[in-house]
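Enquirer: One structure is given below, represented as structure tokens, and several questions about it will come after.
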Protein chains: 2
Amino acid sequence: MIRLVIVDDHPIVRGGLRDTFAGSDDIVVVGEAADGAEGISRATLLSADVVLMDLRMPGMDGVAATAALREHSPSARVLILTTFDSESDVLPAIEAGAIGYLLKDALPDELMRAVRAAARGESVLAPSVTQQLLGQIRKPGPGALTDREREVLQLVANGSSNREVASALFIGEASIKTHLQHIYDKFGVRDRASAVAEGYRRRLLT
Amino acid sequence: MIRLVIVDDHPIVRGGLRDTFAGSDDIVVVGEAADGAEGISRATLLSADVVLMDLRMPGMDGVAATAALREHSPSARVLILTTFDSESDVLPAIEAGAIGYLLKDALPDELMRAVRAAARGESVLAPSVTQQLLGQIRKPGPGALTDREREVLQLVANGSSNREVASALFIGEASIKTHLQHIYDKFGVRDRASAVAEGYRRRLLT
DNA sequence: GAATACATCCACCGAATGGTGGAGCCCTGA
DNA sequence: TCAGGGCTCCACCATTCGGTGGATGTATTC
């Protein structure tokens, strides 16, 4: 019997998941939680085999909760279940120790198969997520910003001029211009405004 | 008996909702749909009293579907149920003819009360949504962009220079500069890049 | 050890942008 | 009818930005 804990802040989603697994004879929902911190304690106390974790939650989010859970209960497999499939969400989740990544438009059937696979220690990724990962690994160059570039872009989005970004990062203004040029090249844009826009579209900025 | 149709692209959410109303003796879920267009036909065919509508869906989105449904089946009350409570979502939905606006973190109990209220023709808004609406009505000035300004900002976010925005809108470059100045004033920023950023943060841009 | 990616820096130039202080027209609501 | 808001336009000027084509040092990888 696979012991499953559901962590999601929406009661309706929790209800739908509970319902989905109610018809299964090898999976039992032993607990639910509405945020990351609660999810960790539930999963630990109830010795969950698999944790279905939402990414966007108030308080501790899914990535942080996944990382913490990997420490507390290494035996619990974390399966991310989220609405968002954008590139910036997937990698941090996987890095934090999630074994799978599903989207909320998954059918109940897929969901059950994924939970069983996760319980066996196998990795399950939603097709669109897999594509993204492959795309990122195959060519880590085009499109992906370096940490420094992201940092610069975030400051630009916050209204800093090149000079202000430079002094904020303790480097020269010329370097900022270079970083921005690289960002423009990667994004295929020609100015900072659309670079910021692209940054938001790719969920790199907050 | 209140005839309810659920329109949401996530099977899990639909399941949760179905489950929620299964325990009710005065509400019956007569149909489900995964996108706006399907939702309209289902609601019309099944003569729904209330339609629970998600906003973000592939294909026809919730706002468009609500507007269309108000024409096809004026007797059906549309209740918006969404994850997002940001300012730009609420008003268009209400303007399109929705009678209520709930968030997905609503408890099953609130949900049922809301559906009953909607069936009676009463308006139900989630508390945080109400606050926003009041805030918007009380001072429509500070912070809210005019249609033209939004249009300009979107083009800027897409990489257009002032001149390009001007020719795209068939007006002079000077007007674009004026619009941008107004946007900067409203947003409290000093350049187009952070104006775009703020536009994304306020969910005014796509 | 060589190649690569990354971060840092330089100079020069034209073009775009932002700041300021106007102005007129149209529509809506008081 | 008048006030206010929204949209359009103008001129001038300093600043900033983007484009180009480099350069160096370091860490990592092959």
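Every residue gets a Cβ built from N, Cα and C, even glycine.
Pasting the relevant annotations from TrEMBL:
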DOMAIN    A:3-119  domain 'Response regulatory'
DOMAIN    A:138-203  domain 'HTH luxR-type'
MOD_RES   A:ASP54  4-aspartylphosphate
Enquirer: Per DSSP, to which secondary structure element type does the residue listed as '4-aspartylphosphate' belong, with helix, strand and coil as the options?
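Expert: The residue in question, the residue listed as '4-aspartylphosphate', is coil (DSSP, three-state).
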Enquirer: Near A:ASP54 (4-aspartylphosphate), how many other Cβ atoms are within 10 Å of its Cβ?
Expert: 25
Enquirer: Across the domain 'Response regulatory' (A:3-119), what is the average pLDDT of the model, as a whole number?
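Expert: Over the domain 'Response regulatory' (A:3-119), the predicted model scores a mean pLDDT of 87.
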Enquirer: Please list the DSSP helix, strand and coil residue counts for the domain 'HTH luxR-type' (A:138-203).
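Expert: Helix, strand, coil within the domain 'HTH luxR-type' (A:138-203): 45 helix, 0 strand, 21 coil.
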Enquirer: With DSSP as the reference, give the number of residues of the domain 'Response regulatory' (A:3-119) in helix, strand and coil.
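Expert: For the domain 'Response regulatory' (A:3-119), the helix, strand and coil counts are 54 helix, 26 strand, 37 coil.
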